[in-house]
Structures are given as C-alpha cells and as structure tokens.
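**Student:** Quick one: this structure, given as structure tokens, is what I'll be asking you about.
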C-alpha cells in the first residue's frame, strides 16, 4: 500500500501533530479567559454560569450528532474546513457585544498609569472612608492591573474642598472618561471633615459604573489595595441586552466550533486503523497540551503589553478574539493536508447505543460514570471562576496564563510514570488519589491570599487531572468489550464529563452570587470528599468479573519471543491472565 499516497502514515502523523499544536494555541486564546471577558462586559456571575452551562450542554449534544453526519455522508473534510472558517468569523461577533455601560473605554490605556475598566455595578451605594497616606500612596500589588491605592494627602481641608478633590481624583485618574448620567455620578448626602483624626468621610457616595472587584456593602478604607477589603460583589443591575447578545454569540459560536475536534479525531483514527497503526496516535494529546501551554502564556503577554497599542477603545480583552480568529486561519491552512480517509463505504454504526447498553449492564461502569460527572462539575467551577478569584487578589493575565501552563506541563512531564503508577496503586487506588488531590486543590483555591499564591498548588494537577484521567482510561479499556474502548471513552469524556461541566456552571454562578467564590470551592471540596468516601465503600462490593481483552492478548502474543519455553511460565496467555488477575486484586 505504500505506493498509494493516501496511506502515507509518517506524513499523516506529522500533519496531525502540527494540527493539534495549532488547535491547542487556538483554544488557549479564548477558552481560559472567556468568563473574565464577560466580567469586563458587566455580566453578573449567575448569568455567566448560565451562559457557560449552555455552552457545555450544546457541546455535549451537538458533537455526537455532527460526528455522525460527517461519517455517514463522508463530509469530514467539509466539516473541518467549515468549522474552522466559520468559527473564526463567529469569534469576532463577540467584539461587537456592548458592555453594560456603553460609555466604557479602555481607561487603563492612558499612557502613564493603568486604572481598572471594571468598577462598581450600576446603582451601588457605598460609604467611603478616605485616610491620608504618606508620600504618593500605597504601591500597587505586583502583577496587578486593576487595583490602585487612593492618595488623599493632597486634598484641601474643608467639606467643599474635600468633595472637589475627591471628584477631581476619581474623574481625572481615568483619562478621557465622560461624566454623564450614564457614566460617573457622585451624589453625596453628607460630608464630614474630621481633621483631628485625619480622616475625611463621604457619606452615601453613589457610583453608577460597571461591576468589578471593588468591595461593596460597607465602609472601605481606600488607602489600602482593593483586594484587601471585602469580598467583591458579582451582581449586576445593568441592561439585560449584554447577556442576551453574549448568549446568542456564544451559542452560535459553539455550534460552529464544537464538532472540529471530534471529527478530526475520528478521521485520523479511521485513517490509521486501515493500516493497523492506531496505537501510533496515542501521543497526540501531548501536542495539544503543548499548544495550549504556549498559547495561554502568549496571549496573556500580548494582552498585557500590546492591547493599548492595538485596541484603543472597547473593553479590556477584545484581543483574545482577534487572536483566535488569526490562529483559526492558520489551522485552516494546516487542515488542507490533514489525513481524511476516502471511499470508505461502511454500514451504519450503532456503537453509541452499544456503549450505553454496556454501561447500563455493568455496575462498575455506572460508578465510574458518576465519578466522571462529579469531576466535570468541579472542573467547570474552576474554569469559570478561578480567574475571577485571582483577579480579585491582584493577579494579572500573565500570572493566570502561567498557572494554566504550569498545570499542563506537569501532566506532560509526569506521563512517563503512568504505567508504573497504575501498576503499583491499581486503577481504583489512582482514582481515589486523584479525587483526593482534586478536593485538596479546590480547597486551596478557596484560601488564596495573594496574586501568586495559586501557582504552587498547580503541581497537584499532575495527579488531580493527569493521573485521574489515566485511571479512568485504563478502567474503560479493561471493562469494555473488544472494539468498544474508543466509543466508551468518547461517551465518558463527551456525555458524562460534559453534563457535569454544564451542571457545575449552572449551579456555580448562583453560589458565587449569594455566597462568594471561596464558598463555592469549599462546597466543591466537600462534595468530592463525600463522593470519594462513597466510591471507596461501594467499589469493593461490586462484582469483580474478569473480562479478557483479546486484542491486548494478541498484541502480547505477537511480541513474545519465548514460544519455545517449557511450562506455563512461558505461555503468554497464562502471563496475561495472571497480570489481569493481579491488577483487579490490587
């Protein structure tokens, strides 16, 4: 078959690796920062949860349908090209969504200093206590772009002078801001000058601005950094059109972009399966993670240093979508050489139905499905609101991107120890260890105290994400019938994990609104620990039936060169069955 250029396997693998690398960079441009951008627009936490939950739900239901259509009508190349091209255009629609305050501009791009574009929600009334400071004011937190100490030492004495100085500072520190009925309004019902205590008090200051990380609900000492006062408010009373338009754009965008990965994976798998080389595509996920790691740091650095130069007006973060569109165009060029099998007329496949039937008939798979569901619910809360939490503590986008890259690189570096870890601890042991590390990780997120404090715990992602999914994959391979491993894996990652992500987003937004982000992560920790205890108590009581994977046995038999050995010790079938028994016993 080598003369046929359609089956050039080395070339196909090189193109597939490059495609996964570019797609990883593409996803990293927007996916980690989407909820942070929605916060910049003024969308409240529960609405962000609804939006992200809808996004996950669409992906869960829409991807299998598109994959079926692409295979049934042999239109995979069309799906790949159409998804990349249309999603590149759809991403730019997000730039057109207006913020809650239509007068919002990039106020931090004033040439000399940076001031937050995300500020108080519409109609928030707050009492402000200003304490004089020495020098030019408290310094900014390292890496922070949205906190700034307010220097009141230059304000004149007297009530009228104090209010005038306050108004001049708040308006003047935001270069080019407009003081209109939709912009900044300072309404005072009382002003007191306490010169003996050195404190100026402004009563009932109403700031009609956008939601952000300024502490609400009580007196605030503005001589301190913003993140040190109270829990930020995550509600918004602005126009619902921002949410409605954002929801419409995200739904449309997801319908176009979601099928890409599944259609590409199916195409490559069938291409390699025709020449019995499917085992050679198992390292492609490494290239995807490398792309995400590089992309998330690159886009964060780009936003931090070039956005003021490239985007003068509009909310902070629009460059995410321009970058996504640009990288999608690059991926479109690579996709023209992506391996797609042709003239493979096959009958209808019912592997999804068979996979559901297999799960329903095996209690161990049912338990594993619930485990993956809770993993998805927890992961979505981290994806949706961890960057909010970091932003409230002064983290910049570069620190956020580095935290994501650190966790992904840890998974890649830890992968060579996969086999030894699964052999020493067994699949059940690694699952329990992964759930415990995930619970510890989200509990740590609830108590972060500084802009850098989230970085050390990211090393736990090697276990809470990497090893946990290795154990899930190994369990699926051992519990599935021959030829059903891939269908089961797709169902677990697509349906059960996606459904958990959807539920976590829906519930997480309302928990953040009423209790705060820290309470959300504490609740996730409690749920994971309860499920871990239930999992470890139920697992030993389930029937431990041995299911021989004949494809694995044949692979072992083909590589066994000791057929001439005497006795059962030289029998490859006996060796495989003993290893299978020892794994389940462990």
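Even glycines carry a Cβ here, placed using N, Cα and C.
Copying in the features that Swiss-Prot gives for the protein in this structure:
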| type | residues | note |
| --- | --- | --- |
| TRANSMEM | 50-70 | transmembrane segment |
| TRANSMEM | 78-98 | transmembrane segment |
| REGION | 218-237 | region 'Disordered' |
| COMPBIAS | 223-237 | compositional bias 'Polar residues' |
| TRANSMEM | 240-260 | transmembrane segment |
| TRANSMEM | 284-304 | transmembrane segment |
| TRANSMEM | 318-338 | transmembrane segment |
| TRANSMEM | 365-385 | transmembrane segment |
| TRANSMEM | 397-417 | transmembrane segment |
| TRANSMEM | 428-448 | transmembrane segment |
| TRANSMEM | 454-474 | transmembrane segment |
| TRANSMEM | 494-514 | transmembrane segment |
| TRANSMEM | 519-538 | transmembrane segment |
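Help me understand the surroundings of these features in the structure.
**Tutor:** Long-range contacts of the transmembrane segment (78-98) within the same chain, counting only residues at least 6 positions beyond its ends with a Cβ under 8 Å from a Cβ of the stretch, are 30, 37, 41, 66, 69-70, 241-242, 245-246, 249-250, 252-253, 256-257, 259-260, 263-264, 267, 314, 318, 321-322, 324-325, 328-329, 331-332, 335-336, 338, 340.
Counting only same-chain residues 6+ beyond the ends of the transmembrane segment (284-304), those with a CB under 8 A from a CB of the stretch are 16-18, 20-29, 32-33, 145, 268, 316-317, 319-320, 323, 327, 396-398, 400-402, 404-405, 408-409, 411-412, 415.
Distant neighbours of the transmembrane segment (365-385): 31-32, 35, 45, 48-49, 52-53, 56, 358-359, 431, 435, 438, 442, 445, 468, 472, 475-476, 479, 488, 492-493, 496-505, 507-509, 512, 517, 520-521, 524, 527-528, 531, 535, 538-539, 542; these residues of the same chain sit at least 6 beyond its ends, with a Cβ under 8 Å from one of its Cβ atoms.
When Cβ-Cβ distances below 8 Å are used as the criterion, the transmembrane segment (397-417) is approached by residues 28, 32-33, 36, 143, 145, 286, 289-290, 292-294, 296-301, 303-304, 387, 390-391, 451-452, 454-455, 458-459, 461-463, 465-467 of the same chain, each at least six residues removed from its ends.
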**Student:** Tell me, please, if the transmembrane segment (454-474) and the transmembrane segment (494-514) are in contact, taking contact as 3+ Cβ pairs under 8 Å between residues separated by 6 or more positions?
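**Tutor:** Contact criterion not met.
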**Student:** Which bits of the chain, at least 6 residues beyond where the transmembrane segment (428-448) starts or stops, bring a Cβ under 8 A of a Cβ in it?
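**Tutor:** Distant contacts of the transmembrane segment (428-448): 371, 375, 378, 381-382, 386, 389-390, 393, 421-422, 454, 457, 460-461, 463-465, 467-468, 470-472, 475, 517-522, 524-525, 528-529, 531-532, 535-536, 539, 586.
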